[in-house]
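Notes for the one structure printed next.
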Amino acid sequence: MIVLVVNSGSSSIKYQLLDMDNEKVLCKGLAERIGIPGSRIVHKKDGEKFVIEHPMANHDEALQLVLQTLKDEKMGAIKDFKEIDAVGHRVVHGGEKFSGSVLIDDEVINAIEEFSYLAPLHNPPNLMGIKAIMKLLPGVPNVAVFDTAFHAKMPKKAYLYAIPYEYYEKYKIRRYGFHGTSHRYVSRRTAEILGLDYNKSKIITVHLGNGASIAAVMNGKSVDTSMGFTPLEGLVMGTRSGDLDPSIVTFLIEKEGLSPEEVYTILNKKSGVLGLTSNFSSDMRDIEDKALENDPLCRLVLDIYEYRIAKYIGAYVAAMNGVDAISFTAGVGENSPITREEICENYLSYLGIKIDKEKNNVKGEERIISTPDSKVKVLIVPTNEELMIARDTKEIIEKGIKKLEY
């Protein structure tokens, strides 16, 4: 089965074409700067990179060009669009309605539109991609895989905020969590690597990219996660503040004469690592480099970053009453030996964790980095959200079902 995976953003579209008989990536790419000057597709096949400079006024035009690229004699991997058996779409927010991946129909499209108020920057462009593909590939089934779905069945004690209950009833204000597809892939893969029964395991997944979140996965289910109503809650991130006292918002509005929208922008785009370093960088690689050169501010920022992560890990050990394994993933999680080592050695030794420094001193390679006698196993597991989306798509189509429950 050939599955096309589409991740449609506001001005870019990531795509992968996979042969799901062997889970091989046939080709992949990124259509970027959609609707603005300088639009292009960066396409990769068999390790070779192609750059296609071409105007793309909207998502329809971008995906039309992507499809043409997929069947191009030199760059493509198919000869006819009929070879594409199904399309899997990343959708950021599924609200409370979707706790698993679903076959897309009019009802699903309406629901994604309905939840756009919860993810105004993400759901509308996700929908543009879905509608464009349905127009360009009529008759090909489409599947939606939601970032929030893995966390949708968290217990109420984990997802409700201690605010008047009527706001949950009226507006569905609750903790939703994000990066669900990544947490699901990494936790499953962790169990496979260690030979654990996924449905009888306690795994903490640590997704550290520019956006970052942690999940407690108990017996194959997400029971808690650090992001909340929006992706702003939780860890210190590249440009996001993570947890903070809500009264800071009203304080800044009053003292700085800012609008609520301006404060929201500050907390989302100008805070986190970027804000703490006075706009030096939002990239943890830059912070680490400076910290290793004994820059006091960057050393402090690295400490704050690691401390917040360690606190959440400790909280989730308590939430699950134990832990079998901790897995690091995404840009920082996969590629920062110093962050992994310092979190584990400075804060988690009470769990009986011991890190093998030689095994830890790698980047982006799947492996166990704890010692054989470590009471809790620690791993690097590179995430693969596209493969997870393709697997869900294949399962729904092959089984002829409308919904896949996790």
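Don't overthink the numbers, they just go from 1 along the chain as shown.
Cβ atoms here come from the backbone N, Cα and C positions, even for glycine.
According to DSSP, ASP147 (active site, proton donor/acceptor) sits in a coil region rather than a helix or strand. The annotation active site, proton donor/acceptor is assigned in Swiss-Prot to ASP147.
According to DSSP, GLU385 (Mg(2+) binding site) is assigned to a helical segment. If you look up Swiss-Prot, you'll see ASN7, GLU385 marked as Mg(2+) binding site, on the strength of sequence analysis.
Per Swiss-Prot, ATP binding site is recorded for LYS14, HIS207, LEU208, GLY209, ASN210, GLY211, ASP283, MET284, ARG285, GLY331, VAL332, GLY333, GLU334, ASN335, and the stated evidence type is sequence analysis. In this view, LEU208 (ATP binding site) is surrounded by 26 other Cβ atoms within 10 Å of its Cβ, with every protein chain counted. In this structure, LEU208 (ATP binding site) is part of a beta strand by DSSP.
Its Cβ placed at the centre, ARG90 (substrate binding site) has 22 other Cβ atoms within 10 Å. Under DSSP, ARG90 (substrate binding site) is assigned to a strand (E or B) in the three-state scheme. The substrate binding site annotation in Swiss-Prot covers ARG90 and rests on sequence analysis.
In the three-state DSSP assignment, the secondary structure recorded for HIS179 (site 'Transition state stabilizer') is coil. The number of other CB atoms found within 10 A of the CB of HIS179 (site 'Transition state stabilizer'), across every protein chain shown, is 28. According to Swiss-Prot, the site 'Transition state stabilizer' annotation covers HIS179 (among others).
Among the features that Swiss-Prot reports, site 'Transition state stabilizer' is placed at ARG240 (among others). Within the same chain, the residues at least 6 positions away from ARG240 (site 'Transition state stabilizer') whose Cβ sits under 8 Å from its Cβ are GLY211, PRO231, LEU232, LEU267, ASN268, SER271, GLY272, listed in sequence order.
DSSP classifies LYS14 (ATP binding site) as strand under the three-state reduction. Counting every protein chain shown, the Cβ of GLU385 (Mg(2+) binding site) has 23 other Cβ atoms within 10 Å. Annotation note: ASP283 (ATP binding site) sits in a coil segment as assigned by DSSP.
In sequence order, ASN210, GLY238, VAL273 constitute the residues six or more apart from ASP283 (ATP binding site) in its chain with CB-CB distances below 8 Å. HIS179 (site 'Transition state stabilizer') is 10 Å away from LEU208 (ATP binding site) when you measure Cα to Cα. In three-state terms derived from DSSP, ASN7 (Mg(2+) binding site) belongs to an extended strand segment. The recorded positions listed here (HIS179, ARG285, GLU334) include no residue with a Cα within 10 A of the Cα of ARG90 (substrate binding site).
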